[in-house]
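Here's the structure, in structure tokens; my notes come after.
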Protein chains: 4
Amino acid sequence: MTSRPYDDLPTVRYEGPDSRNPLAYRWYDADRVVLGKTLAEHLRPAVCYWHTFCWGGQDPFALGADVFRRPWSDGDPLAAAQLKLDNAFDVFRVLGLPFWCFHDRDVAPEGATLRASNAMLDAVLERAARKMQDSGVRLLWGTANLFSHPRYMAGAATNPDPEVYAYAAAQVKHALEWTQRLDGANYVLWGGREGYETLLNTDLRRELDQYGRFLAAVVEHKHKIGFRGTILIEPKPQEPTKHQYDYDTATVHGFLQRYGLEGEVKVNLEVNHATLAGHSFEHEVATAAALGLLGSIDANRGDEQLGWDTDQFPNNHVQLVPAMLEIIRHGGLGQGGMNFDAKVRRQSIELTDVLIAHVGGVDTLARAFLCAAALHESGDLEHPRDERYAGWDGALGQAILGGSGLDALADRVHAQDLSPQPRSGRQELLEQLVNRHV
Amino acid sequence: MTSRPYDDLPTVRYEGPDSRNPLAYRWYDADRVVLGKTLAEHLRPAVCYWHTFCWGGQDPFALGADVFRRPWSDGDPLAAAQLKLDNAFDVFRVLGLPFWCFHDRDVAPEGATLRASNAMLDAVLERAARKMQDSGVRLLWGTANLFSHPRYMAGAATNPDPEVYAYAAAQVKHALEWTQRLDGANYVLWGGREGYETLLNTDLRRELDQYGRFLAAVVEHKHKIGFRGTILIEPKPQEPTKHQYDYDTATVHGFLQRYGLEGEVKVNLEVNHATLAGHSFEHEVATAAALGLLGSIDANRGDEQLGWDTDQFPNNHVQLVPAMLEIIRHGGLGQGGMNFDAKVRRQSIELTDVLIAHVGGVDTLARAFLCAAALHESGDLEHPRDERYAGWDGALGQAILGGSGLDALADRVHAQDLSPQPRSGRQELLEQLVNRHV
Amino acid sequence: MTSRPYDDLPTVRYEGPDSRNPLAYRWYDADRVVLGKTLAEHLRPAVCYWHTFCWGGQDPFALGADVFRRPWSDGDPLAAAQLKLDNAFDVFRVLGLPFWCFHDRDVAPEGATLRASNAMLDAVLERAARKMQDSGVRLLWGTANLFSHPRYMAGAATNPDPEVYAYAAAQVKHALEWTQRLDGANYVLWGGREGYETLLNTDLRRELDQYGRFLAAVVEHKHKIGFRGTILIEPKPQEPTKHQYDYDTATVHGFLQRYGLEGEVKVNLEVNHATLAGHSFEHEVATAAALGLLGSIDANRGDEQLGWDTDQFPNNHVQLVPAMLEIIRHGGLGQGGMNFDAKVRRQSIELTDVLIAHVGGVDTLARAFLCAAALHESGDLEHPRDERYAGWDGALGQAILGGSGLDALADRVHAQDLSPQPRSGRQELLEQLVNRHV
Amino acid sequence: MTSRPYDDLPTVRYEGPDSRNPLAYRWYDADRVVLGKTLAEHLRPAVCYWHTFCWGGQDPFALGADVFRRPWSDGDPLAAAQLKLDNAFDVFRVLGLPFWCFHDRDVAPEGATLRASNAMLDAVLERAARKMQDSGVRLLWGTANLFSHPRYMAGAATNPDPEVYAYAAAQVKHALEWTQRLDGANYVLWGGREGYETLLNTDLRRELDQYGRFLAAVVEHKHKIGFRGTILIEPKPQEPTKHQYDYDTATVHGFLQRYGLEGEVKVNLEVNHATLAGHSFEHEVATAAALGLLGSIDANRGDEQLGWDTDQFPNNHVQLVPAMLEIIRHGGLGQGGMNFDAKVRRQSIELTDVLIAHVGGVDTLARAFLCAAALHESGDLEHPRDERYAGWDGALGQAILGGSGLDALADRVHAQDLSPQPRSGRQELLEQLVNRHV
Ligand SMILES: [Co+2]
Ligand SMILES: [Co+2]
Ligand SMILES: [Co+2]
Ligand SMILES: [Co+2]
Ligand SMILES: [Co+2]
Ligand SMILES: [Co+2]
Ligand SMILES: [Co+2]
Ligand SMILES: [Co+2]
């Protein structure tokens with residue numbers, strides 16, 4: 001195998017819905033203008049480094065080795081990391097997508113000390129900076145891996161050992177500063193270990209306070225160094241731990257308020273994390289939008305029959321239309337984007353499988369977005385929704401929201417012998433209206 | 001069938017673990033003192049009116065009639081309601097439990113107008129007041145049924161029609177004032193319709209604001225009338241709706257902060273609602289305790305294989321020990337209690353099945369509490385837990401919680417070449433220690 | 001309200017994808033020929049009587065009355081049943097669908113004795129026979145309701161009381177004979193009570209034997225009377241009971257073999273039952289096809305976040321394409337069809353909601369079928385699949401299937417130092433190929 | 001660390017319920033006679049090799065290395081395997097349990113060819129044979145790992161490449177013959193890869209036929225070599241694959257009949273596999289018992305909130321009583337046993353955690369068995385159950401089971417105007433009766 005197998009592949013182009021080329025876009029016409037912006041500006045798609053360049057295809061549930069054999073799978077770790085980086089930028093070029101995302105430990109190996117780890121990270125990211133400059137590929141977000149090393153086994157910020165907290169803080173400092181240096185649009189905190197395995201050994205209140213303090217320290221440091229990106233938390237209900245403290249958007253909402261961080265931190269919502277938490281993805285998007293927390297998206301999907309995070313590439317555009325509609329209603333993702341936190345299936349061992357998966361995924365997002373934009377512009381859903389709540393813009397609704405108490409409202413009910421009648425929710429009609437646009 | 005079939009049954013007594021009498025307590029020795037209070041004072045068990053006296057054994061999933069034939073099943077609705085009340089107090093007397101709970105519409109039928117409904121409610125609750133006086137049975141909490149009538153089909157406070165909100169407000173006013181008059185220890189709001197069926201017709205932000213205003217109005221009215229009980233929200237993730245706004249404790253926590261209601265409202269946690277939300281019951285209890293929201297308990301269980309609220313009587317004391325331990329750690333339930341929001345299985349059609357179910361349920365709670373108390377007193381879990389977090393009481397931990405930033409901590413990591421080592425979480429040992437006490 | 005509100009509505013027509021008429025088909029062009037048959041012949045869509053004409057919109061989880069007010073909701077039960085029948089045939093005419101399905105107790109009320117029930121059923125079905133004659137609407141299947149009446153609380157065939165078995169047998173005899181008389185294409189047995197609530201009171205082996213004997217008796221009676229339709233079992237994992245004996249297709253497969261009924265009985269697969277059993281719908285279809293059991297389809301959908309049978313109308317054609325493909329690969333449903341075992345949402349209280357829901361549902365099925373047909377004809381999936389298994393048509397594959405034992409195969413492995421290499425499963429490519437056709 | 005850290009530890013003894021020694025049995029008094037046999041003879045507990053000696057504590061969901069550092073973690077693979085074996089027999093001796101279980105690849109490493117792998121396996125198992133001889137520890141079952149190596153990525157028997165089937169057959173031959181040589185009581189087939197990832201590339205019928213042929217070949221070889229143990233299939237619904245062909249007991253039942261293997265193969269039921277399949281463990285046991293398939297048990301537990309196989313040690317004896325009761329009713333496990341297919345939690349990194357977990361697990365099984373034995377002997381459940389079905393032993397029941405058809409039964413219903421009345425299922429009473437014995 002050549003060491004740069006993607007090097008001579010042509011860039012994937014938009015060829016339209018009738019194309020039969022698996023390495024062409026059928027829906028993602030990056031420069032097509034919809035709702036006042038290009039598709040690329042709406043979606044801001046990103047390739048994630050970990051699944052695409054670091055995951056070896058291991059079976060999570062069996063003892064066993066990597067099944068993917070890549071040119072950068074072996075050899076001196078730092079040299080392999082540099083070769084991996086070259087290949088990654090080859091893939092970014094082939095796919096023609098504008099963004100990438102990384103954890104610190106995706107990019108460079110762990111050393112014997114944090115200083116050593118940092119030095120290796122610096123070496124690879126210096127090269128990445130040049131490649132970003134050359135290619136125009138931008139950083140949607142950076143993050144630190146605070147979950148793989150055994151020291152984080154019982155949590156990073158929420159570890160019972162404050163030295164682990166200190167180590168994590170130092171690691172985040174470095175990753176956040178690199179994110180700033182690479183002009184990252186966001187910085188993500190993923191609490192993969194911020195949770196518990198058993199309540200029998202856990203002091204929940206202590207751990208929440210530790211986590212609150214950690215997050216506040218990250219926000220303080222962001223302001224100290226003048227980083228202009230958004231700090232994001234990525235909710236996930238469990239896995240690897242029994243229970244994670246950033247379970248879902250509503251939980252994060254309560255947490256941010258408790259620690260005075262509302263307005264400073266938003267959420268990075270992953271489709272498969274939403275469904276593992278018992279929510280539809282559109283629920284998480286609508287909730288984050290309503291609460292002012294909508295930051296960015298990890299665009300993948302789960303398997304509806306499996307109870308863990310399968311991180312599959314999206315392939316059903318109809319299913320994504322409601323979430324896209326909520327994003328459009330909210331006015332878009334701002335400096336967020338849509339990161340493919342998705343991995344090819346373990347049996348998809350070929351290098352081209354990685355490309356094909358991204359092409360299919362990008363097309364699914366683009367098609368869903370186009371459908372949702374048409375739906376939104378048609379007013380087919382928007383008008384009936386406004387009409388449904390019209391009463392709340394009237395006198396009674398405004399009086400209630402203005403502070404009418406139980407006594408006043410009871411008087412009104414008795415005086416008028418109020419007997420409000422139910423109205424149809426028209427769900428099936430609305431579902432049919434959606435289907436006009438998909 | 002006699003109209004008062006429970007009338008001549010003897011009161012259920014404590015006979016100790018060796019009793020083979022299905023109508024005797026084996027563990028619930030009401031006056032036994034543990035951790036400084038009697039078992040009755042710790043548990044404050046309550047019989048719920050709806051499942052025990054109003055539910056007809058209908059199959060939720062098939063068209064079909066009531067299967068339970070009770071003396072109060074037929075006849076003039078108001079007369080039947082009075083007979084039902086007499087039978088309920090007969091059951092309270094037989095079981096010898098200190099509390100009951102009710103919804104307004106459990107107690108008296110719905111009339112043609114709210115005024116008519118209120119008048120019937122007044123008639124039955126006047127009689128209830130006398131019976132409470134005579135029997136010494138107290139009210140753990142009252143609540144209003146804002147979900148059964150078709151007017152609430154699309155929500156009460158969160159209805160798109162503000163007239164429905166007004167009607168609900170008037171209904172809650174009456175139920176809250178009766179709860180005060182009957183010296184209820186708490187008033188519960190259960191949002192069985194406060195949610196959505198489909199996001200396609202829903203304005204999430206509007207509905208959250210409506211719900212926030214409603215809850216604030218209830219709190220204002222509580223203070224206006226001088227009600228000293230606690231206002232409780234009962235979280236439930238879904239069912240009957242697709243998604244309810246009081247999904248779980250963490251969601252309620254965020255909601256209360258958003259609408260300035262922290263410190264005014266706590267949660268009534270139901271076991272089966274916790275598990276439907278994807279949490280263990282002890283998780284919900286520990287979370288509520290950590291966040292200062294622990295109010296009261298609906299003691300039941302779900303079926304681990306079924307995806308809806310089966311509201312079964314608890315029957316596995318081992319499973320309940322961790323939650324009881326969290327309650328003990330928290331210092332108890334205060335003016336909360338443990339309400340049997342539980343119903344006999346549909347095939348348990350005999351009148352005695354109702355009694356036996358409560359006896360078994362009370363015994364399960366009592367046994368679990370006794371085990372948890374012994375576990376707590378032994379220090380078997382408490383000492384290792386304190387030791388596990390000891391570092392946070394030391395200099396580094398205190399510095400972190402006192403505000404150390406990323407720079408300071410990174411300096412420390414590098415200066416000391418910190419390399420914290422993982423320690424065993426000892427989960428299996430702790431599980432074994434729990435089993436010493438069950 | 002008029003007693004025949006659907007009477008003067010025009011018949012729903014095919015208007016093509018661009019139609020904005022909610023009472024027009026956009027995809028279901030009944031006479032369009034695909035794969036050698038018309039769409040109507042492929043899909044054989046049926047309206048179910050129970051959800052559409054008998055369900056009152058009750059909340060399954062709350063005490064409460066019907067919310068749907070229909071002209072046939074009140075009055076003398078038999079007269080109401082006749083009016084309901086007239087309205088049903090009005091709806092069949094408006095929708096222009098070729099089939100209907102019913103339970104005996106949907107059509108006519110339960111009487112004081114089975115004889116009385118039968119007489120009422122006869123009265124209504126005589127009228128139905130004439131209406132079928134006049135309208136050309138045919139019967140996809142009939143069935144008996146062996147689950148709503150309290151006598152079936154603990155099962156019909158699997159009841160611990162053999163008198164209940166006898167009653168059920170008599171009821172099925174009458175329903176089966178009417179199904180024959182109405183020229184039904186199939187007869188369905190749905191085991192809504194054939195299961196258990198608790199193993200503590202259950203003799204599993206006895207109940208399986210009772211159920212096996214019952215099913216055999218139905219098959220014997222079919223042959224005795226010369227009924228030419230197919231006997232179908234409808235698998236469902238649980239609900240209303242804790243566990244049902246016809247859990248899924250694989251379970252039914254084992255059961256049929258155990259009781260010598262293979263070749264006599266097939267399955268009626270419901271989408272929402274498949275997902276409740278932990279399977280994708282296409283899994284159930286593929287399994288039934290592979291095992292020779294594919295009979296008919298109950299076309300609905302569940303809610304991915306809810307743990308009970310929501311029986312919603314299908315609305316995502318992309319999701320249905322894999323199942324349609326399995327049906328096409330199998331050569332179609334034969335004398336089966338696609339029954340809308342689906343109900344409008346409880347808030348969809350208008351009479352037109354019922355029509356709109358069916359129109360949207362039919363269109364979803366038609367569109368999914370058209371996509372699957374195009375996919376199948378393209379060979380995009382079929383060729384790679386054949387190629388993937390090609391080795392099994394070669395010498396080694398044939399030797400293995402012909403009976404090579406472990407010794408012979410081990411010799412071969414050692415002799416040739418076999419070291420088979422994994423090949424890509426190409427899942428993402430195949431998903432992309434599917435998306436070319438949706 | 002010494003290379004034999006368990007070597008000088010004393011053997012765990014029975015000290016009775018009041019012991020506070022974490023390395024003593026409180027309930028497992030191996031020689032105590034209950035129901036005519038010793039506890040050791042009833043339970044036949046086994047230590048599994050893979051979780052206890054091979055698993056490194058990796059996080060299944062994160063990239064990362066082993067966290068457990070054992071004396072046998074590094075070095076020459078074959079030498080490490082021998083050292084691991086020595087340590088394993090040290091642990092068997094310390095725990096004083098009568099059985100062990102292994103996969104071929106647990107015991108010895110994979111070589112470059114099957115011949116090389118076999119040679120290493122031979123080297124280690126020769127040593128194991130001597131150690132078994134010396135220690136008296138017996139083999140509950142052996143099995144071959146047909147899932148970890150990339151060649152099995154798409155299945156072993158069900159692989160689209162028949163060479164993989166051949167390789168698997170050769171591997172099983174060797175493992176089965178070693179199991180015979182070591183006098184194993186059973187041989188297990190676990191279909192961890194016998195399933196599919198996506199139906200889009202799968203020919204279900206072909207794969208079932210391949211699997212059926214494979215299983216038949218194993219049975220033929222068993223008879224050919226005269227192995228007297230039982231061949232077992234271990235059902236599991238999914239994980240690692242999307243869907244496995246041995247989903248649950250009912251599925252295996254159908255499969256065995258289809259391929260003529262009934263009477264030749266039984267099931268090895270794992271608690272956590274049962275719950276992942278949507279069943280209670282006692283359901284799987286009762287089903288296997290009723291169908292004549294009950295072979296052996298993998299005693300562990302899942303986490304009720306997590307959707308994957310967590311393989312935890314059992315710790316709630318009350319939860320296991322119903323399954324133990326089904327085993328007792330069935331007359332025991334015969335040559336099956338109870339294997340701890342369980343692993344310590346990832347944070348339980350100490351060598352003693354492994355011992356403590358087994359002690360707690362054995363005690364949980366022993367206590368559950370003792371409770372179930374007392375329950376069974378009391379007749380508290382058995383008498384009401386017999387009485388409940390008594391009608392089936394009467395004239396009508398026998399006539400039905402003897403072949404009464406629908407006509408005859410309908411005649412009887414009409415002649416006698418049968419109107420069977422429901423009887424209470426008494427579930428809450430039965431649950432209370434169980435609790436008398438726990
Ligand atoms: Co993510
Ligand atoms: Co994920
Ligand atoms: Co409940
Ligand atoms: Co409740
Ligand atoms: Co159905
Ligand atoms: Co259904
Ligand atoms: Co196992
Ligand atoms: Co397992």
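Placement of Cβ uses the backbone N, Cα and C atoms for every residue, glycine included.
Just so you know, TrEMBL annotations never went through curation; they're auto-generated.
D:His103 (active site) is surrounded by 21 other CB atoms, counting those within 10 A of its CB over all protein chains shown. Summarising the annotation, TrEMBL assigns active site to D:His103 (among others).
In the three-state DSSP assignment, the secondary structure recorded for D:Asp106 (active site) is helix. Of all Cβ atoms in the shown protein chains, 25 besides its own fall within 10 Å of the Cβ of D:Asp106 (active site). The annotation active site is assigned in TrEMBL to D:Asp106 (among others).
According to DSSP, D:Asp298 (Mg(2+) 1 binding site) sits within a strand segment. Taking Cβ-Cβ distances under 8 Å and a sequence gap of 6 or more within the same chain, the neighbours of D:Asp298 (Mg(2+) 1 binding site) are D:Glu234, D:Asn268, D:Leu269, D:Glu270, D:Val271, D:Asn272, D:His273, D:Met338, D:Asn339, D:Phe340, D:Asp341. The feature Mg(2+) 1 binding site is assigned by TrEMBL to D:Glu234, D:Glu270, D:Asp298, D:Asp341.
There are 28 other CB atoms within 10 A of the CB of D:Glu270 (Mg(2+) 1 binding site), with all protein chains counted. What TrEMBL records for D:Glu270, D:His273, D:Asp309, D:Asp311 is Mg(2+) 2 binding site.
The domain 'Xylose isomerase-like TIM barrel' annotation in TrEMBL covers D:116-336.
Taking the Cβ of D:His273 (Mg(2+) 2 binding site) as centre and 10 Å as the limit, one finds 30 other Cβ atoms among all the protein chains shown. In this structure, D:His273 (Mg(2+) 2 binding site) is part of a helix by DSSP. Of the chain residues outside the Mg(2+) 2 site list D:Glu270, D:His273, D:Asp309, D:Asp311, D:Lys236, D:Val271, D:Asn272, D:Leu276, D:Asp298, D:Asn300, D:Gly302, D:Thr310, D:Asp341 have their Cβ within 8 Å of the site's Cβ mean position. In this model, the domain 'Xylose isomerase-like TIM barrel' (D:116-336) carries an average pLDDT of 97.
Around the Cβ of D:Asp311 (Mg(2+) 2 binding site), the same chain contributes D:His51, D:Asn272, D:Asn300, D:Gly302, D:Asp341, D:Ala342, D:Lys343, each under 8 angstroms and 6 or more positions distant in sequence.
Neighbouring residues of the recorded Mg(2+) 1 site, listed in sequence order and excluding D:Glu234, D:Glu270, D:Asp298, D:Asp341, comprise D:Trp190, D:Lys236, D:Asn268, D:Leu269, D:Val271, D:Asn272, D:His273, D:Ile297, D:Asn300, D:Asn339 (Cβ within 8 Å of the Cβ centroid). D:Asp309 (Mg(2+) 2 binding site) counts 25 other C-beta atoms within 10 Å of its own C-beta, drawing on all protein chains shown. Here D:Asp309 (Mg(2+) 2 binding site) is positioned 19 angstrom away from D:Asp106 (active site), judged by their C-alpha atoms.
Note: D:Asp309, taken in sequence order from the recorded positions D:His103, D:Glu234, D:Asp298, D:Asp309, D:Asp311, D:Asp341, have a C-beta within a distance under 8 Å of a chain A C-beta. DSSP classifies D:Asp341 (Mg(2+) 1 binding site) as coil under the three-state reduction. When the Cα atoms are compared, D:His103 (active site) and D:Asp309 (Mg(2+) 2 binding site) turn out to be 18 Å apart. Filtering D:His103, D:Asp106, D:Glu234, D:Glu270, D:Asp309, D:Asp311 by Cβ distance to ligand 8 (under 6 A) retains the following recorded positions: D:Glu270, D:Asp309, D:Asp311. Proximity to ligand 7 at the level of Cβ atoms, with a cut-off under 6 angstroms, picks out D:Asp298, D:Asp341 from the recorded positions D:His103, D:Asp106, D:Asp298, D:Asp311, D:Asp341.
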